[in-house]
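**Student:** Here's the feature list from TrEMBL:
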REGION    A:1-27  region 'Disordered'
TRANSMEM  A:31-53  transmembrane segment
DOMAIN    A:88-268  domain 'ABC transmembrane type-1'
TRANSMEM  A:95-117  transmembrane segment
TRANSMEM  A:129-148  transmembrane segment
TRANSMEM  A:154-173  transmembrane segment
TRANSMEM  A:194-222  transmembrane segment
TRANSMEM  A:242-264  transmembrane segment
Amino acid sequence: MSLDLADTALGRPRAAEQSETEPSTTRKRPVVAITATLTIIALLLAWTVAAHFKLVSALFLPSPFEAGRAFLRVASEGFVDATLWQHLSASLGRVFAALVATTLIAVPIGFSIGASPIGRGIFDPIIEFLRPIPPLAYLPLVIIWFGIGEPSKVLIIGISMLAPIVISTASGVKGVDTDRVNAARSLGATRAQLVRHVVLPSALPSILTGIRIALGVGWSTLVAAELVAASRGLGFMIQSAAQFLVTDVVLMGILVIAAVAVALEAVLRWIERRLVPWAGKA
Amino acid sequence: MPHLALESVSLRYDGGAPVLSNVSLDIASGEFVVVVGRSGCGKTSLLNLAAGFLHPTSGRVLVDDRPVAGPGAERAVVFQNDALFPWLSTAENVAFAARLAGASAAERRLQADRALEIVGLAGLGDRPVWQLSGGQRQRVGLARALAAEPDFLLMDEPLGALDAMTRETLQDLLLQTWGRNRAGTLLITHGVEEALYLATQIIVMAPGPGRIIRRLDVDFGRRRLAGESARSIKASPAFVEAREDLLDSIFEREAA
């Protein structure tokens, strides 16, 4: 913090004026990366030390090495009748099924909220109602209505993804540059062409951001969804392990869920850079 | 001959003060009409009415004596903030009208290359527009309008956001393209020199409510097209005198 102040505000006022934020952010990046790495190392070290000196019982806190061994064991032999890869692909399959279905529903809803007052009147209350409800709260109702099959699990994840995509799509549609719309109209665009050639591409960066956020939300809903009579999945694996106090598998499962979340985020950001390289630049 | 007219047009947004009051103006092919005035005098609203983006509260907007119902491809618009489509390449931006009309990729490319050549951007068709400079982007905006082969070119402070040197280069470009295609042109600007340099007719507007307070015919642009240098025109006593005279009319109200 003090370093930032010295750099931008006091230390080099001229340079800061000339090129806005560029020099300070490029110099900040390695600092952030180094600090972040050190934090992770410190946490791992604290965990190792606590486990090694039995500050916490091994039953509650296995060492990082045990979690690592659990990873190798579950990856090769499996846990509760499925390998780690099978658990992972079951979970990913549910989240992606939910993502595809929800995107197909949420983008048109977002369009109608962003483009028409009537659409907004119809859908806004529904979305605002659904948005703050934690997935565990509607879980029992979904089971009553739809049973304990695969669709229920996908539905629970899907509901949690709905609001982020709808809201970002709507804000993308609302934020379409009036001049661009007018430019297209003056070049002869019909209403349908406006939507296809101007509104949709304009809103695409927002839609992708919504999908990225939704994927994060959906992934974190996974454990709740797999409470429902699952026989595979990372969430199911963690719960089964917890019932038998196999804490190393629980810990390993949590770490895998976190790692996959980071990987998904990175993939989505890569897709955004490829699909909408202009976002924020024009 | 194509002919764009505003007949005693007034404009008022719901419940607000009038933006334009009783404005009449007439643009025929081969004319370069420049509207000057301080900010808030309704210049941009005037252009939006001519383009069909806005509808007058009273009065009529006519193209070839037919009332205008909305925007149309015969009236191409160049915007101050370029309004390009960053998801399309430079060439696809230029050929956007053709794209809407369902032209093939080869046709679009041909048309784009021709228009880009006119605005001095030959060879940049494959560039993403967000990698272009401000001046280049305005050239693309102009090329997009020209590619639609409009009868009228409506430009809303197209050079307003550019640096002084780029602006002078583009003023010459506007003159040359107008000299070649003779599209009836309406240009909004707050630059008095720009108005004198480009216009065949200057319209001075005053705010509160926006109205026309003066019209004058000028011919510096024709002198430029006849080969006289920009420097010698802008330094000539006639130009300087006209500039001071014009500034007087713009700021008249303030002095009174």
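In case you wondered, yes, glycine gets a Cβ from its N, Cα and C as well.
TrEMBL labels come from automatic prediction, so no person has curated them.
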**Student:** By a Cβ-Cβ criterion of under 8 Å, what residues six or more beyond either terminus of the transmembrane segment (A:31-53) are in contact with it?
**Tutor:** 3, 61-66
**Student:** Taking pairs 6 or more apart in sequence, does the count of Cβ pairs under 8 Å between the transmembrane segment (A:95-117) and the transmembrane segment (A:154-173) hit 3 or more?
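**Tutor:** In contact, yes.
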**Student:** Counting only residues 6+ away from its ends, which parts of the chain sit with a Cβ under 8 Å from the transmembrane segment (A:154-173)?
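**Tutor:** Result: 94-95, 97-99, 101-103, 105-107, 109-111, 113-115, 120, 123, 127, 130-131, 135, 138-139, 142, 146, 199, 202-207, 209-211, 213-215, 217-218, 221-222, 224-225, 228.
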